[in-house]
Amino acid sequence: MKRCFSLTSKILIYAYYVLVVATPVLVVPYTSELFEFNKMFLVYGLTIVVFITWLLKVILSGKLQIKRSPLDIPIALFLLTLAISSFVSIDRHVSIWGYYSRQHGGLLSVISFILLYYGFISNVTKEALLKILKLAIFSGALVATYGVLQHFGIDKHLWVQDVARRVFSSIGQPNWLAAYMNILLFLSLGLGLNYYKQKEPQNKLNHIILMYILPTIFFLTILYTKSRSGLLGFIIADATFWLLIFRQSRIKKIIIIFHVVLLLLSFITGLNDTPLHRFTLPGIVSKYRSSQIDETIINRGPGTVLSLGGTESSQIRKYVWQGALNAANANPFFGTGVETFAWAFYKYRPVEHNLTSEWDFLYNKAHNEYLNFLATTGYVGLGTYLLLISIFIFYSVCFILKSSSHFALRSLLAGLFASWISILVTNFFGFSVVVISIFFWLIPASFMVLIGSHSRNVLHIPGMSIWLRRVLIIFILLLSGLLLTLLARFWYADVLYSKGQNLVSSGYSLEGRRKLAKALSLRPDEPRYWSELAYAEGLLSRSAYQREESSRAAQLKAEAISFQAVARSISPNNLNLAKDSVRLLYLLSETDPKLLSLAISEIKEALDLSPNDPKLLYNLALLYSGDGELSNLVIPTLRESIELKSNYRDARILLGLFYLQADQTELAKLQFEYVINNINSNDQEAADYLMQLEK
């Protein structure tokens, strides 16, 4: 029994090793989403391992030990709020699992992180903690090194994005990478100060690596992400870290050297998208370059370049945040449901958003973690989240200030706290992803392990015979096998779904249908699979009709409509599924015109879910144009679309054509002239129509 107990303890600790090492570097090209999807599934798998080995330890020892922490009540309230919000959600499936392409942020993911938190504080020793932190920094160094290499074009041939300009390494997005680098930078500083003035050669080397080399690499990676939120997170976390330990006069030299190195690095590399960039070397050089070079393009990155046709990101964020507030005010107590922002924003987005360059983008997050919680879990949910944050901040600062006589401990705690503060800052301008959430929970857990002053709740389990223990162990092992198998099935279902979707979009509907059907057999609760399979069936139905196989075409058509109905029943407020229904019915109406009226009904339901969507009105007008009895509604519908988006080029061109069809040439001319004068002076199609009118 002792050997088994020791083995379970070792497995549990190694699960945390794998968590901090493998999760950041994991990228799988075979799934529908390369980064977040796979990272979250790894977290689920490791949570199962931690939970099962913890249960085995309970059975083997005959007692359940759970360490108490000051965060117990806030965590319980937070989890209870999320459970209620998920129950009253507009989309329970999404609230439980999270938005499909991420699988993160739903109720199950939060439960996983909470289990990892309590498994950590109850089972991880201080020695194991230090190793976990060092492994986390090592993994981060690999990610950072690859990010630096990305800047020099090591994999630019693999991505559509200009990855050399804004790196994202294995994390998936520049702002996420910058947030992750901030965490590691201050963890490295906190550990590095532990080796300060130690005479052993190995400790001196550790000090140099952790205090200077790795933070420099991490900061350089932040610069290469060109993330303004990342830089702001660094500035605030940096001030926090040094203020907490600056009383130690012996480190003043370190503070000066550290900041001189980073300032030189910033001067040489540049601070793109910030007012300070003009004082850096690239900014100075660009100022005196040939006037033939567009300085605006040099100094500003993609996504904020007005001269390239984009809307300033701060302007877009303002409208997204307004949509979040609108959703919260309409659902004040528990919000629209955990992780349902994608559907909430469509419902409550301000009409001004239609005039931005990202007017038809899908936002599955509010680009502000706090407003995201406000919109999806209401004021109650945000309140419990802020309570959790506030209590940890208060507790941490008090303890760090009291530990002034223990320099090594104070330095490490300050590093942990500064890392956590950086998360709070970057989350204000973005949102948590899997890697960030791991540290959001494990940093407080690490703090609790280091201070080690809290009691354990020990529940003794009397009267457990050797046979009962064996039966329970077998049951737990079978349960773990079942859970891991189920998880593997769900992951492989996505691989099949991705293959099937690609095959269907490439014109191989029959082969794609087989893959999608297999994916559905592995995970029958996923509405996306039902919807994609329905579309594949619809394409096959049209093909069968064209081959004059009427009975086969009718069968496939009925199956397609049925499958789409199942998808809609699982997530009735999912706007994407509503659009998929319209797409399917429009496809089937090519062979069965009676279905056009159903498509019109579906798009009207979609408009209920997204009332300020000009593209839905545009498509509704197209559907009206195919129905002789409703063709008189085309022009009013297009005019309504233009009222929502005055610079909607396609809607104005189409409206002009229908005015021509109705012999209203002056009104048609106004639409084409508007396109030329206000949207695109080089629009050839509008110019051609105007030329025809002048003849």
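Each residue, glycine too, has its Cβ placed from N, Cα and C.
Remember, TrEMBL labels are computer predictions, not curated facts.
Keep in mind that what you see is a predicted model, and the values were worked out from it rather than measured.
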To which of the residue ranges 102-120, 653-671 does TrEMBL assign the term transmembrane segment? 102-120
By Cβ distance under 8 Å, which residues at least 6 away from the ends of the transmembrane segment (471-492) in the same chain are close to it? 31, 38, 41, 44-45, 48-49, 52, 55-56, 59-60, 464, 522-523
Report yes or no: does the transmembrane segment (208-225) come within contact of the transmembrane segment (407-425), defined as 3 or more CB pairs under 8 Å with a sequence separation of 6 or more? no
Take the C-beta pairs under 8 A between the transmembrane segment (407-425) and each of 12-29, 71-90, 102-120, 231-247, 254-271. Which stretch has the highest count? 231-247
Assess whether the transmembrane segment (431-451) lies in contact with the transmembrane segment (254-271), where contact requires at least three Cβ pairs under 8 Å among residues 6 or more apart in sequence. no
Return the stretch with the most CB pairs under 8 A relative to the transmembrane segment (102-120), choosing among 12-29, 132-149, 177-196, 231-247, 254-271. 12-29
Between the stretches 12-29, 177-196, 254-271, 370-395, which wins on the count of C-beta pairs under 8 angstroms to the transmembrane segment (231-247)? 177-196
Range from 71-90, 132-149, 177-196, 254-271, 370-395 with most C-beta pairs under 8 A to the transmembrane segment (12-29): 132-149
Segment-level pLDDT (mean, integer) for the domain 'O-antigen ligase-related' (217-385): 84
